Amino acid sequence: MAEEAAVRAQAETVRRLKQDKADPDEIAKEVAKLLDMKAQLGADEGKQKFVLKTPKGTRDFGPKEMAIRERAFKAIISCFKRHGAEVIDTPVFELKETLTGKYGEDSKLIYDLKDQGGELLSLRYDLTVPFARYLAMNKITNIKRYHIAKVYRRDNPAMTRGRYREFYQCDFDIAGQFDPMIPDAECLKIVHEILSDLQLGDFVIKVNDRRILDGMFAVCGVPDSKFRTICSSVDKLDKVPWEEVRSEMVGEKGLSPEAADRIGEYVQLHGGLELIERLLQDPKLSQNKLAKEGLGDIKLLFEYLTLFGITGKISFDLSLARGLDYYTGVIFEAVLLQQENEHVEEAVSVGSVAGGGRYDGLVGMFDPKGRKVPCVGVSIGIERIFSILEQRLEASEEKIRTTETQVLVASAQKKLLEERLKLISELWDAGIKAEMLYKKNPKLLNQLQYCEDTGIPLVAIVGEQELKDGVVKLRIVATREEVDVRRESLVEEIRIRTSQC
């Protein structure tokens with residue numbers, strides 16, 4: 001192609017000028033000319049070769065998917081509001097230093113942005129660190145809030161399991177100085193309510209305490225400097241067997257085999273109040289101040305959860321570690337269970353759908369005077385929940401409505417567009433969700449078929465006779481029953497009929 005040949009010739013000109021150490025201004029001029037030619041060529045090529053795709057780890061959501069998502073969001077928001085939470089929002093990016101050092105080994109997954117005007121910025125990794133920054137910046141010491149927004153992680157996506165690089169988090173947090181374990185118990189109650197409401201199947205909420213873990217590491221002989229990295233290994237126990245975790249601790253992280261074996265004796269334990277009582281009598285753990293504190297609080301937590309009537313779904317699990325650095329006390333994670341087959345009693349985990357815990361030191365990291373604001377919170381893993389709901393609806397072949405339209409304004413004869421427009425305007429002004437077809441003279445059959453296809457429950461039909469009589473024919477799509485309704489009573493009639501749907 002002539003254009004490509006011209007670009008090659010220009011590139012040769014630039015090369016020769018550089019070789020001859022020509023005047024820098026002349027070189028710059030020719031380089032600019034070359035870049036311009038390349039850009040032009042690229043633009044022309046783009047018309048033929050442009051690939052239409054979303055970036056790796058992201059996806060589009062069509063009307064059907066959004067209808068499912070909105071249904072789930074509605075259930076979650078209604079639960080958060082039922083518990084008295086206020087809503088806040090924070091920027092999608094933060095100063096890089098705000099996020100640095102808060103996520104342990106996961107910090108490598110933070111998206112850094114190119115310097116735009118003197119500030120080093122990163123996309124938010126979660127909603128918790130921005131919340132702590134918000135509290136410190138505004139000197140807030142007491143709030144119950146929820147926040148639903150997108151977060152970003154430079155992770156290896158697993159799209160089928162709801163693991164993306166851009167995804168929503170739904171967070172609920174209680175900040176403030178309160179008596180022990182009362183807010184923590186409420187967070188677990190919220191998880192229980194949401195998972196029960198969404199009917200995702202059987203689940204268990206695993207509970208542990210960072211202080212129990214740290215005390216356990218200490219009595220097992222883990223050096224202080226290795227607490228966090230060993231914690232990160234233990235956190236993998238829900239995905240890989242103990243042998244692999246042990247081998248990582250010893251082989252990659254330099255822990256002594258004896259210490260790893262002692263950890264193994266603890267992290268494979270799970271149960272309820274009886275296990276807590278047993279560990280409170282454990283000769284090693286009970287001598288450790290941190291572990292004793294943690295076990296005392298977990299015991300109190302279980303007493304409150306018993307009053308809430310939800311201990312049947314709660315498991316005290318010493319393998320639960322949650323890798324984030326900012327947790328200081330109780331930690332928890334909700335996991336969906338699936339029966340492998342009828343002959344196996346033990347249910348298997350199909351993935352975490354919520355997690356959280358207590359982080360009493362995070363706000364103090366941002367406060368100039370180091371003032372601490374105790375916090376506890378939970379994050380609902382909404383993307384995994386969406387994946388499950390989508391797969392289930394696909395399997396059931398249930399028809400999903402993608403609009404909330406209550407009534408279609410239709411006409412039975414030609415030349416009634418003006419009457420349809422007048423009627424639909426009246427309905428819109430009264431707050432009724434209404435549609436009409438964008439044709440001057442649509443066939444009645446086509447209008448009725450549109451309602452069948454989209455799930456609109458009612459049709460308000462205007463015809464010459466109806467106009468004379470001052471009525472509108474209201475058709476119930478499901479039963480095909482038709483009733484004449486006085487024009488002035490139509491809004492009320494539609495409200496009554498759609499409230500029964």
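Every residue, even glycine, has its Cβ placed from backbone N, Cα and C.
No curator has checked TrEMBL annotations; they are predicted automatically.
Segment annotation: TrEMBL labels region 'Disordered' over residues 1-22 (candidates 1-22, 23-44, 331-352). In terms of DSSP helix, strand and coil, the compositional bias 'Basic and acidic residues' (13-22) has 7 helix, 0 strand, 3 coil. Taking each Cβ in turn and tallying the other Cβ atoms within 10 Å, the top scorer among the binding-site residues Thr128, Gln169 is Thr128. Summarised by DSSP class, the composition of the domain 'WHEP-TRS' (1-55) is 44 helix, 0 strand, 11 coil. Residues listed for L-histidine, Asp126, Leu127, Thr128, Arg153, Gln169, Asp173, Arg322, Tyr326, Tyr327, cover a largest CA to CA span of 21 Å.
Note: Asp126 (L-histidine binding site) has non-local neighbours Tyr103, Val151, Gln169, Asp171, Ser379, i.e. same-chain residues 6+ apart with C-beta under 8 A of its own C-beta.
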